[in-house]
């Protein structure tokens, strides 16, 4: 199968014709070709813009262009024939005339902010993650941070100084470099070690910025001022070679076959010579020798001589051939800095506009009006000297004054020499140009080198960049289209790594002057305000754009006789596009290009429906409930939350945890956050798979297990577990651990119970390193023994253990034989109805059911008899802290919802087993690590159940009894988390009540204990197996809407009343006391006071009682967390310190223990922090968090699988209705019931 056949069919995916690219030798058109392309669109980009069907290549040269029929003579038995299938397009390789590949390659391998428009916190978090990822570095080692979006940072974060960086947990000197490499942000340590003080002067071509009202350096250095820094230490030659390799790999993937390095030195030459020597030079290199301005014209001759000597020594004098060459015949000159705000080091004809005081007014300010770094006189003299010696030039000109300076210098040369010399003088960037200078490019034969991507709407220009230019000058930005209209041929240069290298995005912008919302390299992918039109101005045609990066850039490099177009006799620099560039829609020009060269691996954790903001959704729901919803009614945006990890291939790079929100209707990323380094994003099951894999690969673990002398037929089982509270120095690390057991395989049954055979070791994996970093040894003693083992256990560790099976076929006595069937039969079907696979209607109840991978089943928009009761109901969190004081069990504490969500732990329910009767199942959708949707079937079941008598009364006078059954509608989901199962039921009854029931079952977690020992921190449930004491603490989140969203929470208690001759003369009165919770609070159950909590709508009164309508919550008075308040366990679950919390609603606050409990040291962003805001709660949108649980002292009866332990939260109406809402439930007799006889009948007397 050919390379073409093996490629996917994504649009414009670049495919190098490897068999024809850079082949050796000479050509002969009479012999069979090495390679033939046929049946496609071959765009030559010659002077006639010819198109062909077929092309033949021999010895690296093009030998034929023409039709499919005429290429046949060139096809021999050894010819590689590539079928372009009528849709692919072949074209010349791309020629990028301005880039910096060594620094670009280095950026791929270093701490890199990836050009993202991040706020200050996200930037600092990312830098801290880089620091944490290099624990071996000393305080003297510099950290270099690259590709920083300085404009977003400066505009969104207020004054930024060295002190801003000093908050990071390091003593290392830090320099963070803006993406345009003109602004450098350093910390105090960097200033100190570089001896940059108040007396340090700004160097020529650079600025040391000062603190307001002071000469002290602020920590911001512009342009050449970065040369004052004493670090980072220059990269070694080997490091630079590695960077060059990385750059060349990315160039290959982008289709770049020739590049110009726009600021080079002898070191650059050494690097690429080394790459060439090792055979890794996969693109032709042209290099601009960097020079600085002489002090006077008297020094010009010496400078020119130095340039001539250097370029002559470094240049490969041979003509371009199929083998890549290194060409040196040009210089690089910086005439100014950059015009971007707030750096403003570019030279302008008129002053920059700056804010006037603290107002929103921007006006010209001559205080910041830098001059060009070169005078016209000196620049003209240098250009003359170079051109006369046959040396070309590329001149950095950003501002309109710098552009004019360069053009004036070239005018001076032409005034002296006319058209006598064929020179190449490129003016690079031309960010802002004066219209009077537009025709001068053509008149003076100056080549404008443009980076089209800078015309996108971005943080460079919005909101302040355009204001900084002023209302007139902002119309003259990125004016390549205007310059081209005067006959000037535009040259393209990416200036990588100022931006991500994405040549096709740049071409798309050249044609449309707008970005691509679907391309992660485009600012438009960040959503508003960058997803609209870019900088106004004239565009290029598609042909002009593609010529700028092929034949025109080749002409500028004096290489157009050999490359830049597909013509017979030219070199076969060929790339193949997966579709015809000239036929795809404008918006698709830049899409689906392979970006693998970014050296990143994306793995997805969660993708799920992001709930709209409450204000948006309630407005929509009001229309729905009122019957006013129409097809054209406004709807909340359809959003998706996307959590993923961006893992870098470089071994010294820590992965980035990204949480984004995508607007599905617009196809835009509307939010993207990097998880801070003080947190760990929730785990994914594929990480546990890696833990198991690494345990199997670990020779250290294998050797340790071998010391236990396992019986024949036993194999090791690894049970992945979260690491628990982080106890390692050096910050948060992504550690996982494995509990180790052995399974007896001799039965041949894969469900044999391995928990009966625990091994006393725990391997710990550092996920970033993908290696087992240590093995924790466990104590196996009991009461009276040390908490830490004196020595690792060896020998036959399982000899005193015994099997304990639970699957029916392995039970020694089998299952019971005398149990008769009990069937739930609904001959007329269920009483519920389902619409839209989410809307449930049953017995006056109306609500919606959803599923997400963090919380499982969630109940929404709950109404009873057309009156609102709840906005949202969910299981928010649960924690299971263990009470074994022996290390490492002090950190054994799971957060089963927050550690990673319960999505992949949810059971696929089985008809007739998990739910009885007529069942409605709901499916869920999870995602694979690759980001593909993965349906998980039957994750929620909906069914009715009988729960005894609902209400009954017998009139003793007539003997008539009226009785109804208590029928409930149950929404159920079940999760399996390693050893434990949890069953969650939302139960709705006909009397308007909702009960939230949790059931714990499964297998208790056990550890190995020596024969004959017992322990106060657990129970021996099987020989050699100690079940540790622990708690299960749940938190249910209740978002009420009692006849509306403005509610008040009332603490209601029944208290003894004192004897009082007037009010309580007989002492039988007790007081019912209502106390409103006026501010957010954590409160507790008090059964001795019959304390309940009512949620009332004070604006709505019950017409019978006259009291506000409401519902009540009876918080189960279970034990709160028992760990010492000073312990890490207690700090991690502050939510478990009260039975009930009441907070004021905020969008996004869904999780009682906060967003990131995995391996936390303290709860952050949970209910305790919410309550600390001290929000007003009176008639507000309130949220209640009910916490209850089970203190589990295991018993032998819990083994091998424990019977369910049931806990229940009751949510019941209080003065909400005008009577018993279930009074109209029919009281019928079950005709299928029958009287049995025999032993179960009542004996006759």
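Just so it is clear, glycine is given a Cβ too, placed from its N, Cα and C backbone atoms.
According to TrEMBL, the signal peptide annotation covers 1-27.
Per TrEMBL, the feature domain 'Amidohydrolase 3' maps to 81-591.
Residue counts for the compositional bias 'Polar residues' (515-525) by DSSP state, with H, G and I taken as helix and E and B as strand, are 3 helix, 0 strand, 8 coil. For 515-525, the entry in TrEMBL reads compositional bias 'Polar residues'.
Among the features that TrEMBL reports, region 'Disordered' is placed at 515-534. Tertiary neighbourhood of the region 'Disordered' (515-534): same-chain residues 115, 117, 453, 455-459, 462-463, 499-500, 502, 505, 508-509, 587, 590-591, 595, 663, 666-672, selected by CB-CB distance under 8 Å and a gap of 6+ residues from either end.
TrEMBL lists 823-1223 with the feature domain 'Copper amine oxidase catalytic'.
According to TrEMBL, the feature active site, proton acceptor maps to 896. Taken residue by residue with DSSP, residue 896 (active site, proton acceptor) is part of neither helix nor strand, so it is coil. The number of other Cβ atoms within 10 Å of the Cβ belonging to residue 896 (active site, proton acceptor), over all protein chains shown, comes to 22.
Long-range neighbours of residue 980 (active site, schiff-base intermediate with substrate) (same chain, six or more residues apart, CB within less than 8 Å of its CB): 880, 1000, 1001, 1002, 1003, 1005. What TrEMBL lists as active site, schiff-base intermediate with substrate is 980.
Note on the domain 'Amidohydrolase 3' (81-591): mean pLDDT across this stretch is 92.
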